[in-house]
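Over in Swiss-Prot, the protein carries these features:
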- 2-210: domain 'RNase H type-2' (DOMAIN)
- ASP8, GLU9, ASP107: divalent metal cation binding site (BINDING)
Amino acid sequence: MGIVVGVDEAGRGSLVGDLVVAGFAVEEARLGELQSLGVRDSKQLSPAARVELYREISGVGFFTVEAIRPWEIDGENINILVTKAVEEIVSRIVSYLGVHPSLVVVDKYGDVQGLRLALTRLGIEPRSILVEEKADSRYPVVSAASIVAKVVRDARLQVLRRMYGVRGSGYPSDPETREWVREVFARGEAPRVIRYTWSTVRKLGGPWRSKKAGRNRSLDEFLGG
């Protein structure tokens, strides 16, 4: 029986918190069950609906996730980091299930060549690798991965709310998140849960730095060190 794997991510553009990459593996014969459950792109679902589907799809297939931390994103190209995460996820699935998937479907991002090389290193046949834009809305197995990634990211963000008082969705377009970040910087704090290479940090008066030019204003300078 063939295994199909879907891969998607959540939190790429977030200013606060992790980028979560998820892989969902299911037997080909059970793909129809995902459709029957109403699985679709997580962005089209309410938080409550995502959590409910997360529970239901847990009984249909196997999933695993990788979290990419803000300081990792600040230090390396985000697409390369995602490729490494996808490689680890698929490697874990192969190891756990003991078989190579007959098909791996990935929602397209900016390192397609690197992704294909990484998956072929794992023994995945090139013809078994499908990378498409909007795969999360076209393939239920990728939609399932999208739901897992979003639910896990939301849960991790909830932890940051309790630990740091983070407000809002974590995205730079969210006024609540921007106000929280502004307040943090006004207190002279620089928690590691923020992505300091995002231009929003500079706009909000924080210790922004450029990946290309190095630190424009170091954390030590910002904190008075």
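Each Cβ is built from the backbone N, Cα and C atoms, and glycine gets one as well.
When Cβ atoms from all protein chains are considered, those within 10 Å of ASP107 (divalent metal cation binding site) total 23, not counting its own. The record gives ASP8, GLU9, ASP107 for divalent metal cation. Within 8 Å of the mean position of their Cβ atoms, the other Cβ atoms in that chain belong to VAL7, ALA10, VAL21, ALA22, VAL106, TYR109, ALA135, ASP136, VAL142, ALA145, SER146, ALA149. In the predicted model, the domain 'RNase H type-2' (2-210) has a mean pLDDT of 95. According to its DSSP assignment, ASP8 (divalent metal cation binding site) is in a strand.
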